[in-house]
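For GLU193, the entry in TrEMBL reads active site, proton donor. What TrEMBL lists as active site, nucleophile is GLU299. If you look up TrEMBL, you'll see 34-346 marked as domain 'GH26'. What TrEMBL lists as domain 'F5/8 type C' is 351-489. Residues or ranges marked as signal peptide by TrEMBL: 1-26.
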Amino acid sequence: MSKYVSAMLGVVLAGVTVAVALPAEAAEAPVPPTPHETVLNYLYGYANGRTIGGQHHKPEVHSVENPADWVTFSSDAVTTVTGHRPGLWGADFLWYDGHQDQLVAEAKKQWQAGSLVTLMWHQCRPKVSPGICTKDPRTGTPGETLTDAEWTELLTDGSTLNRAWRRDLDEVAGYLLQLRDAGVGVLWRPYHEMNDDWIWWAGHGERSRRLYQMMHHYYDSLGLTNLVWVWNVVDKETDAWASYLPSAPYVDVLSLDLWHSCIVGTVDNCQEWDGDEPTTTEYDMLVRLAAGRPVALGETKKVPTEALLTRQPRWSWFMQWPEYDAENPPARLRATYAAKAVLDQADLRRATPAEPGADLARNRPAYAKTSENSWMGARWATDGDSRTRWGSTYLDDQWIYVELAEAAVVRRVRLDWETARAKKYQVQLSADGSTWRTVATLTDTSTSPTLRDIIIDDSTPARYVKIYAWERLDARYGYSLWSISVYGD
């Protein structure tokens, strides 16, 4: 018998037959989710109270001995100090300076290791004839602008300048397509700090917003289904943020960069600026604009404190900018990464023990009475990914069931519960999805492991396997299952 079964309390095997009319729910097809869908399930699953610790990487920041180690140098430094590997890896396509292949290779490695990947791009000002595009403030991107006439031409589909802009998009799209083909989901943060005025695409209200939407449309047409679109502003002029925000279909996550917070005086007459923390006004504004979508700290000079994350629990991740070692002494880094609310790479990877035998529930259609939101449906309990999960609404009476490919004798059901789990529940089987028989009842799971193997003593073949729960362990949350696995003879 499994060690998990031996730890169970109050398990009762039964042969009770019950008829349960299941509410109609649209079938969730047994097809693998896209990386875009997977990343959003992660984010909605970790929302409100848990924040992924992240680190950006720049080609300019590397060891003395090996310039090529820039792709891990900054994360390595965090790991050395804290013992925790950041759970989010960030990088930038920059100015076409020849490091893109290395970036793509490392993004694949980070995704396979369990980290989320976020990418940005300091896109060059579109030009009819490609010219110099560097970081130089006199000749490069930061120093360039568009005239009103050029903005009109850029936003006109098919114009000469619009075609030049698409040519630039094609170059980066090739690398993003490589990541798509490798199954890598990307938190894509284009045209960052859209409300600022230091770069050509920013500070132009409706024009900046339309440019973001145009990129979204174009990349959709190229089949970039692995992108999670992250809209970004910088911490200034909060009242103007809404004028830069595209409509809901264009934005999956809203994010804020911390570089301009005024701590003495007002924004218009500031005596002291500080980029340490988002103000309550900034946090509340972003959460309001998000309307239930995830929010994140896109760039931070200092890692957030545990106290901040307690006051502002909705941050899905933070990404520390490199080159600010003095602002992040070892004690500050260790305190942040040791905080219960902060998730590292190991937390996201969620390695679970390998199981012998075929999982009859893997990639099979699943159905639930309720789901917490559209990104946490029943399908995530059978997708084979230990990091995705189903979550119910915050009510006691709930169920989730899986339809097997064919009728089978069920010998064992494995449930990988999240902390928000059932205190009392049953395992039920059915041949037709209408009449159910209870084969296991668990009535006291408050001290039991979250990973549960339940041995089934029933020899009648079943096509459907259901978990019916009627009491939550913690009434503040719904029920949440990372996975349901079913094993036969």
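Numbering starts at 1 and runs along the chain as displayed.
Even glycines carry a Cβ here, placed using N, Cα and C.
Within the same chain, residues at least six positions away from GLU299 (active site, nucleophile) with a Cβ under 8 Å of its Cβ are HIS56, HIS192, ASP257, LEU258, TRP259, MET319, TRP321.
Following the DSSP three-state reduction, the secondary structure of the residue listed as 'active site, proton donor' is coil. Using DSSP to sort the residues of the domain 'F5/8 type C' (351-489) gives these counts of helix, strand and coil: 4 helix, 66 strand, 69 coil. In the predicted model, the domain 'F5/8 type C' (351-489) has a mean pLDDT of 94.
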